[in-house]
């Protein structure tokens with residue numbers, strides 16, 4: 001570590017024994033420069049990677065999603081997709097005959113698991129056999145105007161459906177290609193229409209870090225749990241002013257880094273505090289509540305720059321050294337997002353932040369400001385300023401630190417988690433046992449011994465609703 005400079009790895013950014021070269025020189029194990037600008041898309045509809053699937057190869061665009069774990073492609077024609085994978089045309093496709101359903105915060109699909117070979121034109125050299133789900137039915141998953149035909153889930157196997165025994169795409173790549181267990185992501189859409197031409201650039205670097213995609217230092221925060229890329233948020237500031245909430249509010253019930261979510265999503269209490277602080281700090285006297293809720297756009301003359309009216313937003317993350325933190329900041333150019341032009345004179349914008357019932361999600365609104373390193377080998381997520389995060393030649397993102405964590409709790413993340421199947425089963429069993437004991441005690445207390453009777457269906461206490469939560473994205 002360099003004093004006061006964050007956790008930047010100067011010699012071996014992968015932290016492994018491989019000693020893989022950081023730069024993309026001819027002698028390095030991987031040519032990371034070949035992966036620069038291998039993504040297209042926009043923050044409104046997602047960033048996608050071209051992939052060749054099957055034999056002979058069928059070319060499809062695949063959405064890059066760090067918030068789920070299945071690799072799935074359209075397997076039948078769909079009104080909202082221009083291409084799909086036909087397994088019958090691939091001599092290397094093998095069906096596993098296993099049905100799979102995946103639900104997201106918006107949309108779902110059902111398909112069948114199989115395996116086939118894939119190659120990535122601007123990715124790792126070679127062909128690899130990967131688990132692939134062919135989507136046969138979907139609801140609100142493929143949307144009008146999207147230019148991708150499938151989804152590449154890059155989170156951990158714990159989220160894979162129908163079970164964690166399904167090896168994920170990236171785990172297969174690490175095993176077969178023998179690359180380091182790290183990938184990095186840059187999405188270049190700052191200040192551009194969120195549902196524009198879909199040709200914004202971006203880079204998914206598989207197996208390492210490409211120096212040309214960031215400037216300054218890389219700051220790392222630990223991955224708290226390996227399912228989503230769950231991190232620990234310590235506090236938020238609006239315009240340099242601390243929201244002064246209990247730090248556990250920011251992590252209710254998790255805080256994750258998710259490229260497949262378009263907005264910065266905040267737990268409801270945090271969202272309300274952020275909106276109040278932005279409204280108070282901004283230079284606008286009155287603002288429609290529909291703008292903050294996402295139901296209305298705000299429009300200005302195209303000659304105006306409304307971003308000057310809004311404050312900076314900062315998220316503090318715990319450093320690898322737990323007594324320190326660092327902050328990633330986005331300027332309003334990232335969260336006041338152009339979305340629609342009206343006539344020749346008006347440009348309309350949306351609010352790039354929304355409320356969430358079960359997570360703080362660092363989505364594309366924030367990620368477009370940074371080069372994000374998913375260092376699975378050392379169980380950490382890194383952030384560095386992205387050179388493409390500029391609007392009118394000025395940077396719209398910042399990283400600063402270190403800061404002391406003396407003013408926050410030693411742990412802002414609940415240690416109780418019910419997302420693993422084993423814990424689900426155990427929680428049901430314990431709740432059932434507790435309910436049964438409570439029921440017996442109530443009966444013994446309220447009913448005379450001579451009048452005791454056998455249990456009926458009406459005696460059963462059903463408390464499932466307090467335990468069951470949709471843990472999928």
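Each Cβ is built from the backbone N, Cα and C atoms, and glycine gets one as well.
Long-range Cβ proximity for residue 388 (disulfide bond), meaning a same-chain Cβ under 8 A and a gap of 6 or more residues, is found for 186, 188, 190, 201. Taken from TrEMBL, the feature disulfide bond applies to 188-388 (among others).
Cβ environment of residue 247 (disulfide bond): 233, 234, 235, 408, 409, 412 lie under 8 Å away, each six or more residues apart in the same chain. What TrEMBL lists as disulfide bond is 247-412 (among others).
Just so you know, the Cβ of residue 299 (disulfide bond) picks up 16 other Cβ atoms within 10 Å once every protein chain is counted. Sequence annotations record features per position, and here TrEMBL assigns disulfide bond to 299-348 (among others).
The domain 'Peptidase A1' annotation in TrEMBL covers 47-384.
Neighbours of residue 321 (N-linked glycosylation site), defined as other CB atoms within 10 A of its CB across all chains, total 12. If you look up TrEMBL, you'll see 321 marked as N-linked glycosylation site.
Under the heading region 'Disordered', TrEMBL lists 1-20.
Per TrEMBL, the feature transmembrane segment maps to 422-447.
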Averaged over the domain 'Peptidase A1' (47-384), the pLDDT of the predicted model comes to 93
Row residue 412 (disulfide bond), column other C-beta within 10 angstroms, all chains, value 21
Cβ proximity for residue 348 (disulfide bond), under 8 A, sequence spacing 6+, ordered by residue number, returns 297, 298, 299, 338, 339, 340, 341, 342
